[in-house]
Each structure stands twice: as structure tokens, then as C-alpha cells.
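As given in TrEMBL:
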type	residues	note
DISULFID	38-117	disulfide bond
ACT_SITE	69	active site, proton acceptor
DISULFID	71-76	disulfide bond
DISULFID	123-323	disulfide bond
BINDING	165	substrate binding site
BINDING	195	heme b binding site
DISULFID	202-234	disulfide bond
């Protein structure tokens, strides 16, 4: 009798576990989420995006950054796309996001999807797919993007201002911010490699070049030869000039970023900070030494992981009709 009871209990526990797993998967992200409701969704995203990237490869960096900035605030819910209202200043208008561009690309993709499958594909999924395809189109890796995200209804500028990883951050702060989202120290080192593309504004490195400790000095962690080169481009008070994050290949997704950082030529303090921690430093030196032997695969895996941060699924949130306003 005791054995029979034990068998029944174990069987019921097993059934409950399967039911729970089924519910979890049903309410989560999955590959091919739109294969029935909008089977051409990913193709439409790719074709629409290509029309822009083929004319301007520099769009890839801000589109990748847009997805990153979205996921770090309230999770990957498309909140970075919402516009401000009379009663609320949205994330889009926070200082760290004022240099984002490519919102018109997202709008074009959304418009194309709405024509084919109205009210089906979320803006948050569009951001994730666009980031993947933008990287792919300039020589980066491909990864499968689980979809099924729904769009959030809240966007607050101050949350972006205080919670986005800063170009001025030290390694302790960066590790804390990544950990708070469920990302590891390795993810920090890997996703920093996204700085292999794009540009930085002189205003973000002015103090580093001219007044690092308030005594008119230069950041000693910056290679002096590189610092001298930057000073020729970024004069004191220059707020309009931009410099390449990865000089010579800022339009191509490659592993050069790690070679640059290893030589103490990372543009931002947050880049140089990777040399101040044993784990991130080892990753930088390994990729530099092996010419990025694992970087493409690592980046793909970390991007998928980041894409799960705080997602809304099932009946949470909404599917916006337009990406800049809630329904």
C-alpha cells in the first residue's frame, strides 16, 4: 500500500511538472512565434531594413544600441520607442538616448508589417529582429531570435538617465548594472564588443582628455599616443565632432575592438574599464590574441540572453499599432 501511495504521489508530481512547463513555454518566447499569424514577418523585417542599411551602413550601430537601451530599462518591451507627452517625458528624450537614430527605420518596418499582418507583430520584437539583421548585414554573426514579446505602456526618461550603463562608468558599476538584469560578467565583456561599430561624440570624452581629475589632466589609463590623436579631433568645448569607436573599421562588425582595448585605446572610460577586472581583462586579451576566435558565437549567445530581459508575454502589455504611441 505504501509503495502504491508513493507511486501515485510521484506520478502526480510528474504530471504537475509537465503542466507547469507547458504553461511556462506557452507564455514565453519561442522561435517562429509568428509562423501562423504572420509567416513572412522576419522576411519583411529583413527586406525593409536592407533598403536602409544598403544605403547607409552607419545605421547598424544605433539600431543595435537602440535594442540594448530598450532591454536595460523595463526589459525588452519597446519602451524606448514611445514619444513624450505633455504629462510625461519618455525614455527617448533622456540624455543617453538623444543621440539614438534610426527610429524612422523601425517605423518603416512596422508600417510594412501592419500592411501585411495588422496588429500582430510587436514593436519590441521588431527591435530584436532589426538589431540581429543590422549586425548581420555589416558582417556580424547571425542568431535565431525567439519572438513573442509584447509592448509596454510605460516609458520614463529618468529611468533611462539613471539606469543605462554609462560611458563614464567604472567596472564595479558596470558589473552591478549587468547583474541587475541577469547578465553575467562575461556578457558584459561580450556585449561591450558591440562598440566595434559606431561613433562617439567628443563631449563624452572631453573630461577624459582635458580634465580627468579636475586638474587639467588626461586619463592615465588612455594610451598617450591615442590621446594625442583624439585631442587633434576633439578640441576643448567641441560638441559637434564625432570620432570612430573602432578606427578604420567602424562600419564593419569584427573583433578589432578587443585589440584596441587591449592597447589601452578604448574610446570611453567604460571600454577601458574592461581592463580593471580579471575576468573581463582575460576575455579582452583572449579575443585580441586569437583574432576573435569565439567572439561571433559569444556575441550571438549574449544577444539572445539579453533579449529575454523583463519580457512581456501572453496577455501582458499590448501589440502597438504604432511604435511611438500606446494604443
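Glycine is treated like the rest: Cβ placed from N, Cα and C.
Predicted, not measured: the structure shown is a model, and the values here were computed from it.
Close to residue 38 (disulfide bond) in the fold, though at least 6 residues off in sequence, lie 113, 116, 117, 120, 121, each with a CB less than 8 Å from its CB. The two recorded residues residue 123 (disulfide bond) and residue 71 (disulfide bond) have their Cα atoms spaced 13 Å from each other. Spatially, by CA atoms, the recorded positions 69, 71, 76, 195, 202 include one closest to residue 165 (substrate binding site), and that is 69. Within the set of disulfide-bonded residues (76, 202, 234), the lowest number of other Cβ atoms found within 10 Å of a Cβ is recorded at 202. Annotation for the residue listed as 'active site, proton acceptor': spatial neighbours 80, 91, 96, 97, 100, 160, 164, criterion Cβ-Cβ under 8 Å with sequence separation of six or more. Calculated from their C-alpha atoms, the gap between residue 76 (disulfide bond) and residue 323 (disulfide bond) amounts to 13 Å.
Cβ-based crowding with a 10 Å cutoff singles out 123 as the top-ranked of the disulfide-bonded residues 71, 117, 123, 323.
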